[in-house]
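Chemist: Structure below; questions to follow.
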Amino acid sequence: MLKILLPTIMLLPTALLSPQKLLWTNTTTHSLLIAAISLHWLLPTYYPHKNLTQWMSTDQISSSLLVLSCWLLPLMILASQNHLQHEPLIRKRTFITTLITVQPLLLLAFSATELMLFYITFEATLIPTLILITRWGSQPERLSAGIYLLFYTLISSLPLLVTILYLHTHIGTLHLTMLKLSHPTLTTSWTDLLLSLALLMAFMVKAPLYGLHLWLPKAHVEAPIAGSMLLAALLLKLGGYGIMRLTLLIGPLPSHLHYPFLTLALWGALMTSSICLRQTDLKSLIAYSSVSHMGLVIAASILQTHWSFSGAMILMISHGLTSSMLFCLANTTYERTHSRILLLTRGLQPLLPLMATWWLLANLTNMALPPTTNLMAELTIMIALFNWSTLTIILTGIATLLTASYTLFMLLMTQRGTLPTHITSLQNSSTREHLLMTLHITPLLLLILKPEMISGIPL
């Protein structure tokens, strides 16, 4: 663990002390090296806790998420080069430093074996994202988006803290390995029901469950590109990961806790997919699509079967890469046309043909076309849900149909059609952007060759 954490922390002086010429090169190469070293966590194993120290260990569930969070830092730095061009050097340094501070926090959150450490790092990731959104967002509405994000997350996660303290007084330890050995303390009485609800609620808001998702489109639309990638690819996964970790501890969930969450998640997947068909704003369309994907993840991780867990894991990883790539693509058009409205940025295929190829690839993976891991994940989750109750196939089936339709709608609106008259000339697409898209799509296409690396099966 330390051989990743220490270089990550040493990225901070790198960002602060590099000369102006080498600032981007140093931080990008260094973080890419860290990402390359972190790949060794992916070796499939049957041991429940590898690299076990007193507070941290990697597991089949957490290792792929850890690698994903290492992998995305260089991509975020690559993506935000263009819009920071004209900023003074100090601001560039602060921007890169905020990006870098998120990574050790995320690594600690995903590998924590102690609930209190998990809670602290889970909450601490909020601060750099808030700074990113409220300082580097592009419109004055970013302040209200920041307030939404802050209050949704805080109000939902304070009950979680209370529950963690309650568990500590009753069991005497918060270590995950010890909690697995102790009897499930939360039984079916009303207080315990409320406590297990409080345990789930913080992660439901983070992952967003439909109905608690209103902060997400706002935050996404206002955030700079790195903030959007961070939110979509990593912070939403904290919610899903928390549900998977903690529901195992509560013991079998009481069924009247099951039903509302499952119905809301599946109904929300359907509703947000249909909301996507009516969006005018490109970024908020992608944001709503990630709500519908994470709905499937929530539904699967509440079921707690092996199939649903592995489906949820694969979907979290593949959705992280896909939606991050879609945000990068939306950002490339935004930097050229300075507009996110779909009507004003249509017909870009003849102007940027290579970008259109990336658009097609990203949209096909978002649609869960074979042979992508998205398809494997969605099928696994659907089968697990169908096994639990046959009626869910109606909801999941309509949701996939709608997913395909809004994805095609997005592709046709941005790439096809007549060019708007106000677009006369555009910059060419740069090598940096192509490299960014390649680094997003190659893991997605390669992972289908060995999906057990990310499926988290040997629990």
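Here the Cβ of each residue, glycine as well, is placed from N, Cα and C on the backbone.
Please treat TrEMBL annotations as automatic predictions, because they have not gone through curation.
What TrEMBL shows for this protein is this:
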DOMAIN    1-109  domain 'NADH:ubiquinone oxidoreductase chain 4 N-terminal'
DOMAIN    112-403  domain 'NADH:quinone oxidoreductase/Mrp antiporter transmembrane'
SIGNAL    1-17  signal peptide
TRANSMEM  116-133  transmembrane segment
TRANSMEM  145-168  transmembrane segment
TRANSMEM  193-216  transmembrane segment
TRANSMEM  228-251  transmembrane segment
TRANSMEM  257-278  transmembrane segment
TRANSMEM  285-303  transmembrane segment
TRANSMEM  309-329  transmembrane segment
TRANSMEM  341-361  transmembrane segment
TRANSMEM  381-412  transmembrane segment
Chemist: Across the domain 'NADH:ubiquinone oxidoreductase chain 4 N-terminal' (1-109), what is the average pLDDT of the model, as a whole number?
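Modeler: Overall, the domain 'NADH:ubiquinone oxidoreductase chain 4 N-terminal' (1-109) comes to a mean pLDDT of 92.
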Chemist: If contact means at least 3 Cβ pairs within less than 8 Å, sequence distance 6 or more, would you call the transmembrane segment (193-216) and the transmembrane segment (257-278) in contact?
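Modeler: As far as Cβ distances go (cut-off 8 Å, pairs 6 or more apart), the transmembrane segment (193-216) and the transmembrane segment (257-278) touch.
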Chemist: Need a quick answer: max count of Cβ pairs under 8 Å to the transmembrane segment (309-329), which of 145-168, 228-251, 381-412 is it?
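Modeler: Answer is 228-251, with the largest number of Cβ pairs below 8 Å.
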Chemist: Counting only pairs 6 or more apart in sequence, are there at least 3 Cβ pairs under 8 Å between the transmembrane segment (116-133) and the transmembrane segment (228-251)?
Modeler: yes
Chemist: Cβ pairs under 8 Å only, please: of the recorded stretches 228-251, 257-278, 341-361, 381-412, which one is richest in them relative to the transmembrane segment (285-303)?
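Modeler: By Cβ pairs under 8 Å, 257-278 leads among 228-251, 257-278, 341-361, 381-412.
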Chemist: Restricting to the same chain and to residues at least six past its boundaries, which positions have a Cβ under 8 Å from a Cβ of the transmembrane segment (381-412)?
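Modeler: Answer is 262, 266-267, 269-270, 273-274, 276-277, 282, 285-286, 289, 292, 295-297, 299-300, 303, 305, 307-308, 311-312, 315, 342, 359-360, 363, 366-368.
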Chemist: Pull the DSSP breakdown for the domain 'NADH:ubiquinone oxidoreductase chain 4 N-terminal' (1-109) and write it out as helix, strand, coil residue counts.
Modeler: 83 helix, 3 strand, 23 coil
